[in-house]
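Features of the protein shown, as given by TrEMBL:
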type	residues	note
DOMAIN	A:4-75	domain 'MIP18 family-like'
BINDING	A:G102, A:K103, A:G104, A:G105, A:V106, A:G107, A:K108, A:S109	ATP binding site
Number of protein chains: 2
Amino acid sequence: MITKQQILDALSHVEEPDLKKDLVTLNMIENIEILPNKIKFDVVLTTPACPLKGHIEHACRNAIALFISKEVEVEINMTARVRAVENAQLKNIKNIILVSSGKGGVGKSTVAANLALALANSGASTGLLDADIYGPSVPIMFGLDGARPESTQTADGKTKIVPIEKFGLKLLSIGFFTDPNQPIPWRGPMATSAIKQLFNDTDWGDLDYLVVDMPPGTGDIHITVAQQYPIAGALIVTTPQQVALADTIKGMAMYQMEGVQVPILGIVENMAYFTPAELPDNRYYIFGKDGGKRLAEQNEVPFLGEIPLLKSVADAGDNGFPIALDKEDPVTQSFEEIAGRVAQELSILAATV
Amino acid sequence: MITKQQILDALSHVEEPDLKKDLVTLNMIENIEILPNKIKFDVVLTTPACPLKGHIEHACRNAIALFISKEVEVEINMTARVRAVENAQLKNIKNIILVSSGKGGVGKSTVAANLALALANSGASTGLLDADIYGPSVPIMFGLDGARPESTQTADGKTKIVPIEKFGLKLLSIGFFTDPNQPIPWRGPMATSAIKQLFNDTDWGDLDYLVVDMPPGTGDIHITVAQQYPIAGALIVTTPQQVALADTIKGMAMYQMEGVQVPILGIVENMAYFTPAELPDNRYYIFGKDGGKRLAEQNEVPFLGEIPLLKSVADAGDNGFPIALDKEDPVTQSFEEIAGRVAQELSILAATV
């Protein structure tokens, strides 16, 4: 008869590659069941978007075969419980991810929306907060033009905004509260107070990830958000163009300033190249080549991936169906990989804090 | 013998097409000289960038032939004196033109730089003020990374910044005063005070046009600039993408608000289409087709032209030589046309104020 201890001993030989410790030490093994000729257990990963899921499952099976028996049937339930970055103020939200860019128009909102969808598709409960107070994109990108969130009364009598649910995401945008044809010429303090409401006065429920689409640049909203909320990390979007990279460096430096100190999860290069349908082998590097990749190397931050300049991606945003909803599109795979990398970086950060 | 009065009578039949009045009423005829078999005079246009220059000269010759004689030789000196929009505060600057966009990354800085160059090339004294305080582009676009403007003492004992002169333009950028690798996380009031210095504490000299590259969006700097300075008009840059157009509508609405009221000179559509060198007849409308043109029609503002998405334009900006320096490039002609249209709109506004 196999014992629980034998199973734990065997699995203590399996290392979580990112966290550099074994699964038993990391308390990742749960619900061990021993049946006549079968054993069952759960592996509780740090994120459902873990790109190493298959690798870890395989390593567990090998460990049982090697240290216990090749004959026993092994049923592994790969599950996940997202670990929280220290977070007292918004304690139902485990990880707040800022999607940021030094320069506007680099596709920050496209990356934020599709990253959030990819995280949600992996099984994580995910929200998307559109904090681009001067140019909110979520209403158009999710086909929610003119939508107005409802409000609810919490148990302690507070009125809270209810995010709009669509495509498996909890969505909130400053654009839901304004006339799309009217400008928001808010001076700094007004913008700051609006953004605080979207964070604090919203019934976000329990979230593994809250992806925040930040305004471009380095202004009031960045200082407020970075100083007042426990941010798990920032993902930086850039195009390969020199003038965009210059602003990106500034954007990253801001997050590394004293009193701000938001970890940089990595750089995504958008509009990397264009490929016409008639010339599928040609890549036109309209904005230059590998600018984002080089920037990541120079600043020793992870390069999370590149997204080509595609009419399908632009159209998808305009039409209210972000590209990551189309599981067949190769760009969706790119976003899934980016989501995996982001989730991985966050798991490492949560484990090392 | 021909008299001055005959010449003025003849030219009073020539109408300035934009201003809808004749050249004599508009005081555009100067320095009339009558020689034995030749007459000479100046036509003083409202802008050297006037796209109707050839048309007006031709009409003058016709009027002399028709009302005086076909035999007399006519020498016309087409010149220009740019008329000022009412402007007490910065009285050496005749026209302040804001180049603005609701959304960032649409090529606002590219349009501002090349518009300024096209105006200067037409013979107008022109300055370019890079007010994009969070992401200044002028240092890179003009190959002036690390440049620092000098200061001078004016007659009344004030210290003033001296703009840097390059390619026939007077240039000033917030980027000349900051470390390109450091962020500028200024809250609203600091940004506002910085921008005021660039306008007020600078020895701009006499300028026909000061082109201002505004930050994207609708924030503190826009309110300050629009309320505190006599703005001749704003040129709006957009891409054809729906999410960009949505922000553009907001940007235009801001300029039309009470207490702001900046005239919209028109819309420029950037990144209109891509044409690969191998398929010169193909136009790929990556961001959608005619979005800027339709927006101009819907809002009854002039559509000033479209600029294709070109590697040469992007590279030129990155390399420190804006594309309008290359007189052979077809895009330069597009920018010259846009400059002509802008100068024309400003002449009309100055005449009707």
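Cβ atoms are placed via backbone N, Cα and C, with glycine included.
Those TrEMBL annotations? Automatic predictions, nothing curated.
If you count neighbouring Cβ atoms within 10 Å for each of the binding-site residues A:G102, A:G104, A:G105, A:G107, the highest count belongs to A:G104.
Counting Cβ atoms from all protein chains shown, A:S109 (ATP binding site) has 29 others lying within 10 Å of its own Cβ. Long-range neighbours of A:V106 (ATP binding site) (same chain, six or more residues apart, CB within less than 8 Å of its CB): A:P216, A:V237, A:T238, A:T239, A:A244, A:N270, A:M271.
Secondary structure of the domain 'MIP18 family-like' (A:4-75), assigned with DSSP and counted as helix (H, G, I), strand (E, B) and coil, comes to 23 helix, 22 strand, 27 coil. Within the same chain, the residues at least 6 positions away from A:K108 (ATP binding site) whose Cβ sits under 8 Å from its Cβ are A:V99, A:S100, A:S101, A:D132, A:D213, A:M214, A:P216, A:V237, listed in sequence order.
In sequence order, A:P216, A:G217, A:T238, A:T239, A:V243, A:A244, A:D247, A:T248 are the residues of the chain that are 6 or more apart from A:K103 (ATP binding site) and have a CB within less than 8 Å of its CB.
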